[in-house]
Amino acid sequence: MLAEKLQINSITPHPSVEYWSVCKVEALFETPFLELVYRATQVHRKHFNPRAIQLSTLMSIKTGGCPEDCSYCPQSARYHTGVQNQQLLDVDEIVAKAKIAKARGAGRFCMGAAWRGPKPKDIEKVTEIIKAVKSLGLETCGTFGLLQDGMAEDLKEAGLDYYNHNLDTAPEHYAEVIGTRRFDDRLSTLGKVRKAGLKVCCGGIVGMNETRKERAGLIASLANLDPQPESVPINQLVKVEGTPLADAEELDWTEFVRTIAVARITMPKSYVRLSAGRSGMTEEMQAMCFMAGANSIFYGDKLLVTDNPEEDGDQLLMAKLDLEPETAENKKL
């Protein structure tokens with residue numbers, strides 16, 4: 001099964017990396033809820049300071065007009081969602097936003113461009129942007145789509161730290177969500193990213209009418225990447241009018257928390273990011289996610305083109321929960 005053997009480079013699997021079959025991951029999902037969260041908390045505390053939360057800001061630097069048909073995405077040119085197309089922004093505008101993000105406590109600045117994949121001329125400008133943002137002392141992450149040969153090396157040379165390229169969903173569910181690319185296309189780009197020496201940010205979306213077994217398949221696919229991703233964003237579907245998944249069945253909040261917990265247990269050393277969908281989550285649900293091992297959030301009122309909790313609200317929630325922004329000093333217990 002594809003989800004069970006997903007090496008993204010030629011490195012021999014490290015003996016300390018546990019192999020996760022879909023059945024084994026599914027069994028984790030079926031663990032009694034509080035027991036599962038408790039186990040995830042124990043794993044989390046072995047590798048991270050449970051009070052430290054990595055704050056990241058995500059900015060859309062090229063918006064809309066994407067030729068892909070991802071059923072969840074309001075930036076697809078195939079759907080009428082009201083998103084206004086915007087060409088690649090100027091360096092100065094992006095740097096100004098990055099400075100604001102840093103002043104507000106973000107340690108990581110993520111940039112997203114709605115392309116199937118960048119062209120060589122796009123990479124020239126993107127590398128200029130990365131250099132400028134990196135000079136501010138921020139960690140940098142980019143999500144620009146499928147990469148051609150040599151592009152990952154160019155991004156690395158410019159100073160990019162992480163490349164985000166999500167698997168989105170389980171291999172078995174992939175064709176139900178996306179028809180313009182294959183699951184293997186994602187793995188190919190991830191391989192190029194690893195070969196270039198970049199860190200990998202790779203996660204998925206839940207709540208897209210997948211079954212629990214397919215959620216287990218997504219987590220197994222991520223956990224069996226070799227090496228495991230340094231950063232794993234777990235997104236809850238944001239239903240946008242005009243997209244095919246606008247009427248997707250609502251996912252129970254406990255199932256989302258289970259997904260966070262299972263991600264933490266199977267990928268103990270990865271950052272598990274509580275990503276899209278937080279604006280629809282209660283404070284109590286977010287608190288359970290942090291208890292279950294989430295230790296990173298996107299900080300700012302927008303995630304590309306969808307809403308995110310306001311920064312003041314996040315600061316208040318973190319204060320209520322006695323959480324603090326991650327720094328080099330408080331990273332570990």
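Note: Cβ is positioned from N, Cα and C throughout, glycine not excepted.
Residues or ranges marked as domain 'Radical SAM core' by Swiss-Prot on the basis of sequence analysis: 51-278. The [4Fe-4S] cluster binding site annotation in Swiss-Prot covers Cys66, Cys70, Cys73 and rests on sequence analysis. Per Swiss-Prot, the feature [2Fe-2S] cluster binding site maps to Cys110, Cys141, Cys201, Arg273.
Here the features listed in Swiss-Prot are painted onto the structure.
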residue	record	Cβ neighbours (10 Å)
Cys66	[4Fe-4S] cluster binding site	23
Cys70	[4Fe-4S] cluster binding site	22
Cys73	[4Fe-4S] cluster binding site	27
Cys110	[2Fe-2S] cluster binding site	27
Cys141	[2Fe-2S] cluster binding site	24
Cys201	[2Fe-2S] cluster binding site	27
Arg273	[2Fe-2S] cluster binding site	26
Spatial separation of Cys110 ([2Fe-2S] cluster binding site) from Cys66 ([4Fe-4S] cluster binding site) - C-alpha basis, Å: 19
Secondary structure of Cys73 ([4Fe-4S] cluster binding site) (DSSP, helix/strand/coil): coil
Integer Cα-Cα distance in angstrom, Cys110 ([2Fe-2S] cluster binding site) to Cys73 ([4Fe-4S] cluster binding site): 18
Residues within 8 Å of the Cys66, Cys70, Cys73 Cβ centre (excluding the [4Fe-4S] cluster site residues themselves): Glu68, Asp69, Tyr72, Pro74, Gln75, Ser76, Ala114
Integer average pLDDT (0 to 100) for the domain 'Radical SAM core' (51-278): 93
Chain-mates of Cys110, Cys141, Cys201, Arg273 with C-beta within 8 Å of site centroid, [2Fe-2S] cluster: Ser56, Leu58, Arg108, Thr143, Tyr162, Asn164, Ser231, Pro233
Between Arg273 ([2Fe-2S] cluster binding site) and Cys70 ([4Fe-4S] cluster binding site), the C-alpha gap once rounded to whole angstrom: 21
